[in-house]
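Beneath this line is the structure, given in structure tokens, with notes to follow.
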Amino acid sequence: MAKKSVANLTEADLSGKRVFVRVDFNVPLNESGVITDDTRIRAALPTIKYLTEKGAKVILGSHMGRPKGQVVDSMRLTPVAARLSELLGQSVTKCDDCVGDAVNQAIANLGNGQVALLENLRFNPGEEKNDPEFAKQLAANADIYVNDAFGTAHRAHGSTEGVTHHVDTSVAGLLIEKELQFLKGAIEAPKRPLVAIVGGSKVSSKIGVIETLLEKCDKLLIGGGMIFTFYKAQGKSVGGSLVEDDKIDLAKSLMEKAQGKILLPTDVIVADKFAPDAEAKTVSVDAIPDGWMGLDIGADSVKVFQEALDGCGTAIWNGPMGVFEFDKFAVGTEAIAKTLAGATETGTVTIIGGGDSVAAVEKVGVADKMSHISTGGGASLELLEGKELPGIVALDDA
């Protein structure tokens with residue numbers, strides 16, 4: 001079911017109204033409390049600016065880290081308020097709590113087009129418990145609710161689900177609208193052929209995605225550490241590579257179900273130890289030496305994967321091809337990132353499905369060349385699995 005978007009609200013709907021926006025400002029800080037990557041803050045700007053330009057009083061709420069219902073000074077959102085003020089070109093009021101009299105007063109003092117940022121929502125135990133009383137307190141300061149935090153949309157928390165029960169209008173922000181358009185679109189009505197690339201170290205964390213994508217896609221390329229569980233299922237020797245022995249039967253059944261849709265690497269780069277300075281060599285997947293572990297896909301596999309991606313209508317990528325944190329074993333991941341960047345230019349819809357793949361395309365410097373980069377980790381996976389996300393379900397239907 002399509003959801004109502006903030007873009008459906010006009011100046012008449014918004015001017016002078018208090019709008020509570022759940023954003024995802026869970027940004028990394030260094031030891032000095034300086035933000036090292038402000039991507040998530042910048043991603044929320046279109047929604048915030050849309051609201052301020054139409055005269056709304058904007059109240060932002062986010063979590064940072066996992067304080068588990070306690071106040072943790074190193075997880076305060078003060079540096080976020082400072083950075084947001086710079087990006088918006090206006091002073092953002094920073095509250096020292098997320099509910100209570102001082103917060104109510106700060107919001108009452110907001111003028112049209114002004115912005116306040118609440119303190120870390122997870123300092124309050126009611127947030128993660130989805131406590132109705134906490135949700136009611138959050139909603140007391142809002143005429144309209146906007147969810148633009150895709151990264152937490154798969155959680156039924158006070159600020160993502162509970163608050164919608166106490167506000168008349170609940171809509172998706174521009175970022176969530178774009179996520180739904182691309183991720184749901186890729187699964188429900190993709191431009192074909194649809195090729196999916198799934199990587200990462202464990203089959204167990206990607207089972208749901210692999211099963212759903214197998215039904216929907218024309219080809220499924222598998223890389224990363226999980227390939228060794230598939231090889232073992234085929235009776236190959238995998239040396240010292242990572243294997244989930246309890247998932248071998250599952251890998252077998254996925255291969256049977258796939259009816260030739262799954263493409264596995266034919267060669268891998270193996271290492272004598274798990275370290276950036278390990279000795280490395282490329283071997284066939286039928287000749288992995290004892291004691292050596294596969295840490296990347298080989299050059300032949302890269303070629304085969306590139307051919308499979310050539311001319312595809314839609315490509316979805318989730319998970320790296322190898323241990324891309326070590327430069328020696330980042331070759332496969334970087335090659336896929338560059339291939340997808342090139343494919344976008346020739347008309348392929350390229351979707352980077354959250355998590356480590358996002359870090360990979362950023363590392364290679366091709367993030368701006370993709371059609372869509374998802375801001376969710378678990379939320380992206382669950383949407384690609386075809387699951388309903390509580391934070392989305394709770395919004396008003398279009």
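Backbone N, Cα and C atoms are what each Cβ position is placed from, and that goes for glycine too.
Quick caveat, the model's predicted, so the values are computed rather than measured.
Database features (Swiss-Prot):
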BINDING   Asp24, Phe25, Asn26, Arg40, His63, Met64, Gly65, Arg66, Arg122, Arg155  substrate binding site
BINDING   Lys206, Gly294, Glu325, Gly354, Gly355, Asp356, Ser357  ATP binding site
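Overall, the recorded substrate-binding residues Asp24, Phe25, Asn26, Arg40, His63, Met64, Gly65, Arg66, Arg122, Arg155 cover a maximum inter-Cα distance of 18 Å.
Of the recorded residues, Asp356 (ATP binding site) and Asn26 (substrate binding site) place their C-alpha atoms 16 Å from one another. With a 10 A radius on its CB, Arg122 (substrate binding site) counts 25 other CB atoms from all the protein chains. In the three-state DSSP scheme, Glu325 (ATP binding site) is classed as coil. Within the same chain, the residues at least 6 positions away from His63 (substrate binding site) whose Cβ sits under 8 Å from its Cβ are Asn26, Asn120, Leu121, Arg122, Glu127, Thr152, Ser159, listed in sequence order.
The Cβ of Ser357 (ATP binding site) lies under 8 Å from the Cβ of Gly199, Trp317, Asn318, Gly319, Pro320, each of these being in the same chain and 6 or more residues away along the sequence. Burial estimate for the binding-site residues (Asp24, Glu325, Asp356): highest at Asp24, by number of other CB atoms within 10 Å.
Ranked by Cα separation from Gly65 (substrate binding site), the binding-site residues Gly294, Glu325, Gly355 are led by Gly355.
Comparing local CB density within 10 A for the binding-site residues Gly65, Gly294, Gly355, the maximum falls on Gly294. The C-beta environment of Lys206 (ATP binding site), restricted to residues of the same chain at least 6 apart in sequence and closer than 8 Å, consists of Val198, Gly200, Met226, Asn318, Gly319, Leu381.
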